Amino acid sequence: MKAFFAISASTLLATVHGHGYLTVPASRTRLGFEAGIDTCPECSILEPVDAWPNVTEAQVGRSGPCGYNARVSVDYNQPGDNWGNEPVVTYKAGDIVEVQWCVDNNGDHGGMFTYGICQDQELVDKFLDPDYLPTEEEKQAAEDCFLQGELKCGDVDGQECEYSPDCGEGEACYRNDWFTCNAFEADSDRGCQGVDGAELNSCKTTIAGGYTVTKKIKIPDYTSEHTLLRFRWNSFQTPQIYLHCADPTIEGGMEVRMRMIVMHGSFGVDTQHSFGHSFGFQGEGVYRAYRYIRGVAIIQMNLNINASLLPQPTLPIRGWSTRNIQHT
């Protein structure tokens with residue numbers, strides 16, 4: 001169980017240094033660090049908050065889902081010259097991918113961590129506009145969406161998904177959908193650095209050297225030309241949460257979804273338009289889908305149509321028209 005210490009926020013800041021940040025895929029924080037703008041990438045901290053044992057209770061406030069570094073006055077929820085303007089990695093729906101963060105040797109607070117993808121593109125787009133800083137309400141709405149779109153440990157077959165040794169059964173933190181660090185006071189392989197058991201300086205921090213923390217996640221059945229992968233680490237030792245984002249592209253989700261539509265007819269109803277007929281698919285290839293708002297075409301996603309989709313019976317789909325699909 002977690003011991004209670006009466007300690008002021010000012011004392012905490014004076015005595016505890018170095019923490020952690022997302023490194024793979026390259027987070028906005030990592031890119032800021034590599035550009036020489038962020039002098040302490042492991043220091044984007046949401047504090048003081050109730051981080052434990054209820055790991056989802058705290059509001060993200062100014063930090064938002066992508067983090068705010070008060071040391072350098074950088075808000076990563078808004079794209080800058082060196083981050084957020086374009087994707088840094090391309091995934092395919094259903095991929096199993098390795099993700100990694102870096103914990104500082106002088107700030108390994110133990111606890112639990114998670115990853116998420118928000119599938120509300122309209123909301124995510126607010127974090128992709130270099131001319132707009134999301135409000136705190138929008139930041140919290142996005143974080144709620146990331147929690148809803150959690151990429152669970154158990155989504156990856158064969159991955160060990162244990163309960164935190166610093167959390168007791170019946171506590172809110174007693175869950176194994178999140179990833180856990182090792183016991184905070186373990187004699188060896190302690191805390192988050194014990195997850196990989198890597199060498200000191202296996203990743204870069206600015207305080208005392210870093211240790212990698214590596215896991216695997218499954219990319220959801222979702223397609224986006226530019227979205228966000230959010231990393232969140234809740235500290236066990238301190239009232240702190242660390243939030244970071246990376247900017248991926250996700251391809252291929254719509255192909256799977258369309259196959260489900262054809263086979264099961266489980267999508268919406270629009271009697272005017274039907275898949276494979278009114279849309280005029282002309283064979284295998286990539287088609288570009290558009291959504292029209294007030295007569296202006298807004299790109300929605302790419303559709304990878306293969307032969308297994310084409311000969312199926314046509315079914316109606318809501319919200320699309322003949323002009324919404326163009327062959328590239």
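Cβ atoms here come from the backbone N, Cα and C positions, even for glycine.
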Record Swiss-Prot, residue Cys173, disulfide partner from Cys167, Cys181:
Cys167
Would you mind checking which of Cys145, Cys161 shares a disulfide with Cys153 in Swiss-Prot?
Cys161
Using the record from Swiss-Prot, pick out the residue from Cys66, Cys102, Cys118 that is joined to Cys245 by a disulfide.
Cys66
State the disulphide partner of Cys118 as given in Swiss-Prot, choosing from Cys145, Cys181.
Cys145
Check for me: which candidate out of Cys43, Cys102, Cys181 does Swiss-Prot give as the disulfide partner of Cys203?
Cys102
Within 8 Å of the centroid of the Cβ atoms of His19, His109, Tyr242, which other residues of that chain place their own Cβ, given that this set defines the recorded Cu(2+) site?
Gly20, Glu42, Ile45, Val103, Asp104, Gly107, Asp108, Gly111, Trp233, Ser235, Thr238, Gln240, Ile241
Looking at the disulfide-bonded residues Cys145, Cys153, which sits with the largest number of other Cβ atoms within 10 Å of its Cβ?
Cys153
How many Å lie between the Cα of Cys192 (disulfide bond) and the Cα of His109 (Cu(2+) binding site)?
8
Are there any residues in the same chain, six or more apart in sequence, whose C-beta is under 8 angstroms from the C-beta of Cys173 (disulfide bond), and if so which?
Trp52, Pro53, Asn54, Val55, Met112, Ser164, Asp166, Cys167, Asn234
Recorded positions near Cys181 (disulfide bond) (Cα-Cα within 10 Å), from Cys40, His109, Cys161, Cys245:
His109
Which of the three DSSP-derived classes (helix, strand, coil) applies to Cys153 (disulfide bond)?
helix
